[in-house]
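According to TrEMBL, the protein has these features:
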COMPBIAS  A:412-434  compositional bias 'Basic and acidic residues'
REGION    A:410-434  region 'Disordered'
TRANSMEM  A:12-35  transmembrane segment
TRANSMEM  A:42-62  transmembrane segment
TRANSMEM  A:68-97  transmembrane segment
TRANSMEM  A:109-126  transmembrane segment
TRANSMEM  A:132-156  transmembrane segment
TRANSMEM  A:177-196  transmembrane segment
TRANSMEM  A:246-267  transmembrane segment
Amino acid sequence: MGYESSAVGRAISRILLEWLIWLPLWIILTINIGAMGKLGTIAAATGFFALGFLLFKLSAVWSRITVAAILVILVAVGIGRYTNDLSIFLWMGVLLWRGRYRRLKPLHYGLAFLICAAAVIVASQNDSLSGYRLLFVILAIVWVVIWFISINRSLLDEAGLHSNIVTRPVRLANRKYLFIFLAAGLLVFALTVSYGQQLLTPPKINTDLLDVSELQPPPEPPKTQENPLSGLLDKEQGPPSPIWDILFWIMVGAAVVGAIWFARLMWRDRTWTWNGMIEAIRRWFIRAKKMEALPYVEEHRSLLKEKKKGHSRFDALFRRHNRIAEWERLSNPEKVRRLYEETVLSGIEQGYDFQTHHTPAETLEGIERWRASQRPVSDNDKHSSYWKWLLVIRLSLLQLYEKAKYSPHSITEQEVKELKEHRPEGKDASRRSP
Amino acid sequence: MAVLIWVVLMMCGCYILQRIAYRWFGLKSVTYIRSFSVPRLFAGQTVWMHETIANRKRLPLPWLRVESLLPAQLVFKQQEAHMSINRGDQLQNHASLFSIPPHTEIVRKHEILCPHRGKYRILSYTLSLGDIVGVTSKTVKQPADCEVVVYPKVKELRDFPLEARKYLQSVRSMNSPIMEDHYYVAGIRPYRQGDSFRMVNWNATAKSGELLVHKRESMQDNDLTIILNAELLDSAHNRRITPEDFEEALSYAASAAQYVVSGGGKAGLLFNGIAEGNEGMLFRAPARAGSAHLDLLLDAMASFQPVTTLGLSYVLEQVVADRTSGMNYMLITGFVDRKQEDLVRQLRKQGNAVELLLLAKEVKS
């Protein structure tokens, strides 16, 4: 019972969605028809789609043959009897054919958007439809959003290998990012629309320069061929019969009686009470959020705290200031150790083969020897001042470094200052410490 | 019309830009680690497989799929509807999908049952990244180093056949007066029938009024050498055992080793099948004590295959040729033939204790 009701519900919602897809076309096609005609068209459209829906439950061959036959009849009647309304008949045929699609896919939402976009263009060129233009625009926006959501959903299913791998949080997160993308796209569009319109609108041709007298008048349109069946069909049309009115009122009466009978049955077999309904509504409002049952345990952790401050590209603008502050925060032994570290790193960067088993004395001596074995230091060399400074302070740097690392004695600020006194302020020297 | 075209152009431009951004920077600062909660466990136990994925940048990852090939012997305890698992005979394809915000780490834990022993490795995984619209943007394959070792199932002592159980108990306790032949005295104990009067501690007996004897250190360690036969088929007598029976034999061997080592004894192992890192040779682990040695034995057993590299008769001949005495052997095999029985008898004659644990007999009983 539950399955049947859900199937009926799905079918009804599918019919409603189909009607919404074709709403702009219905408005355009029935703009010159009266209220009863509009309602009749809706009923016919719904009926044809429902018929198509049912027909495609038959076997493939029978459903196709039946649909093709009905399509031929529709076109024939449209051409023969209602030539002016042929488009409506064709539309009915399309609806009948679309009954094969039980589920809507992204392409169908795209079709809905295209119909709305076409309707906007038609409405902008037709005064009688200008009142509907806003409605078409709103519908187009709604359909484009639904279209993107549907595309995103199908892409996610593809990403999840079509095996229910996509959890609700993942789906929601993706939808959020999609909306951000759409909002960003629309923002860019809004900012550039005037420029784009100017760019894409073709320049106007100055028609004053053209000689109108030289233009040939357009040829007369050929006379429309009369429908050979029209006379026959007209003959069949007689004065309206009162039987139809009687039948209509009989049907209305039967429908009212049926509705009352159904309501009476519902009331008799009711299992609900007013208190029960109120309780159900109350429960719905205070319901707890249903957690998705996952077959695994998932934990989320923010890594923002781990992110080192002052190392992003934005902070690079203030790096000079930070570097000075950082240097000032160091203690005297730490400053000496920093200078030693930079000396070794500079040597390594320029090609010195660092040996991990060397002592600091051996390392500094090795750097000096390696530097001497390189080409002689010229004044034009961008590192020359740095290496000259290093030659001068090497021994004192070594002594202070060993004191900082191995000795319990403290290092005075004066000693650090003396060490750093003649340090050049070039690129190399200022790379790490101020 | 121009506006419509401009909308389409702008959206296409934005789409291409974000796609380029995701292709270039999507997998930057993304780390994925797969690990097991315990590296070693016994068959029948469960383990948690951890998937740790971290996105250490400002760009969010709308979806990221991780696919890997897992051994088919690992069974996901919760039948995961949210995971794509396609099982084959040897391997199963496992995929999980994440959506990772900026600077976020996600740890996903799956409970896995390991019903069969073995060494299970995950050698690589594939990361696929989707862009902001949802289209697949980039796919990379990365190496992985993730392993779990499943030891053979360990039985309770009561699950052993009666004779084997008694033998194991005697090996572990070693309170036989025959074995108490060391000249170091470890203490005193009550007199038991069969004790020599030379062993009586008269002073202690006089003080306590009860007949007490010297308790001596055992001359022999309570060690056990397990000989595990890899032969599944005895073609001469048309007898065979199934691979399941071999697993049972391994389980007996592992249980016996654990029982002896946990009691302070020593355990050794001889195996005539294929073992990892020991292909084509006899696997020989001398009797040693300690949990590290037990882990070594169990680790080796996890990789044993019932493919014979040396016949059991040759193995027993080698053992007989070693001329050991006072050793305890436990031979776990599906069947023994006449020649092997003779060799066992020879071993016993040399002063060793040999217990046979026949699997085929087990099946009959």
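Using the three backbone atoms N, Cα and C, a Cβ is placed for every residue, glycine included.
Keep in mind that TrEMBL annotations are predicted by a computer and have not been checked by a curator.
In this chain, the transmembrane segment (A:177-196) lies out of contact with the transmembrane segment (A:109-126); the count of Cβ pairs under 8 Å, excluding pairs fewer than 6 apart in sequence, is fewer than 3.
Counted over residue pairs 6 or more apart, the CB atoms of the transmembrane segment (A:42-62) and the transmembrane segment (A:12-35) come under 8 Å in at least three pairs, which marks the two as touching.
Beyond its flanks by at least six residues, the transmembrane segment (A:132-156) meets 21, 23-24, 27, 104-106, 109-110, 112-113, 116-117, 119-120, 123-124, 166, 170-171, 174-175, 178, 182 of its own chain at Cβ-Cβ distances under 8 Å.
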